[in-house]
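Colleague: Pasting in a structure now, in structure tokens, and then I'll have a few things to ask.
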Amino acid sequence: MQKKYFGTDGIRGKVGNSLINAEFMLKLGWAVGRVLANSHSATVLIGKDTRISGYMIESALQAGLSAAGVNIKLTGPMPTPAIAYLTHSVRADAGIVISASHNHYPDNGVKFFNKDGFKLSDELELAIEKQIDKPMKTVVADRLGKAARMNEAHGRYIEFCKSTFPSNLTLKGLKIVVDCANGAAYAVAPSIFHELGAEVVAIADDPDGFNINQTCGATDTAHLQEMVVKHNADVGIAFDGDGDRLIMVDHHGLRVDGDELLCIMAIDRFYLKENAPLGVVGTIMSNLGLEQTLKRHHIAFERSPVGDRYVLDLMQQKGWFLGGESSGHIVDLGFTTTGDGVITALQILRIMQQAEKPLADLKKVMVKHPQVLINVPIKGILDIAQNPNIKKAITEAEKQLNGAGRILLRPSGTEPVIRVMVEGSDEGIVRQTAEMLAAAVQQSTL
């Protein structure tokens, strides 16, 4: 059945438009409460990132849940993976995160975790949608839900993250620049690395409700790259607004993306024979160099559609524990149930310390193929497969690549853009081809 409200990662949009308004969020909270409270008194955790609209959405969800008879625990600003962990840890019935991830402050959204810390199933999302479309009724007064602040949330998550790092290792001797994206990680990430012994230089750690992901974070690492070089740091770490993805920077100031980090982690586990991966899941956007490198090490590789929930679905189907995306969402089921930027960073730092090698050397295990990604803004819906201009451009692009590359055009599941990706052996031809395709998409939207 087609979903009416839920997208690929919860519900997301422009604040004040579409579904991201107080009225709909009140109804959404009530609908979630109705689904959860059918058989018992339920408790839901609510966390958020640092967007100004988070206050409005949090209050509306809280009121709706209470009206349905559900108790609420409020954590305040917390990374998405922290809510996944805490939901299971405190035996809550569900967790809610108010965030639009890597998007800027005018956007916001809501995503959900079940009692085990995993994203909701399609069946549960459809059940919630069914309730949204019903008239809202408030339970009698003695059954209303209560709300309380969970003051220990930060401390519990910090200690959990530290527990994933070997107790016989420290980060002493490492200087780390941490870019918190003015987002949810600002209150926990610098403390975690500092408490493990690193010298920490924190940047983009002063959120004001409007500056989340603004020229900072995992989607814009230029300032982090400059700061790593300026401070003569060993490594840079960039989170996105809700802390579930990670991009790193080596001591030369060069980006290390999710494909490279995933490759480093997989090969490390393979040689340690600790939870040695039977296989690794990437996506249709993953660099061909990742697939080729893993296969050279006799590690199977499969591609899922884009989106960490699809990565996780395929991991669970295969019985594998490691997967991720080029964008820096990396899921390690040995530690977490969803992408966690802090825990991924700790695993890479562990490998650096144990191997006594800088990140610049570790990433050499994988040779990336030239790849260009261009996001083309669109209005409304564009049927890529049926548009004659785009079809003609794709035919021309295939001629330019001459069988030595990949072309992918797809609509984003979280933003009003068409993503144009071209990969091949010659960087100049790849860039030229990507720009030609992007121009064709842009012309088709006029």
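The backbone N, Cα and C atoms fix where each Cβ goes, and this holds for glycine too.
Okay, these came from Swiss-Prot:
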{"type": "BINDING", "residues": "Ser101, Asp240, Asp242, Asp244", "note": "Mg(2+) binding site"}
{"type": "ACT_SITE", "residues": "Ser101", "note": "active site, phosphoserine intermediate"}
{"type": "MOD_RES", "residues": "Ser101", "note": "phosphoserine"}
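Where in this structure would I find these features, and how exposed are they?
Modeller: All protein chains shown were included, and the count of other CB atoms within 10 Å of the CB of Asp242 (Mg(2+) binding site) stands at 35.
Every protein chain considered, the tally of other Cβ atoms within 10 Å of the Cβ of Ser101 (Mg(2+) binding site) stands at 31. The secondary structure of Ser101 (Mg(2+) binding site), as reduced to three states from DSSP, is coil rather than helix or strand.
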Colleague: Using the CB centroid of Ser101, Asp240, Asp242, Asp244 as the Mg(2+) site centre, which other residues of the same chain sit with their CB within 8 A?
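Modeller: Here the nearby residues are Asp49, Pro79, Thr80, Ser99, His102, Gly183, Ala184, Ala218, Phe239, Gly241, Gly243, Arg245, Gly339, Gly341.
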Colleague: So for Asp240 (Mg(2+) binding site), how many other CB atoms are inside 10 Å of its CB?
Modeller: 34
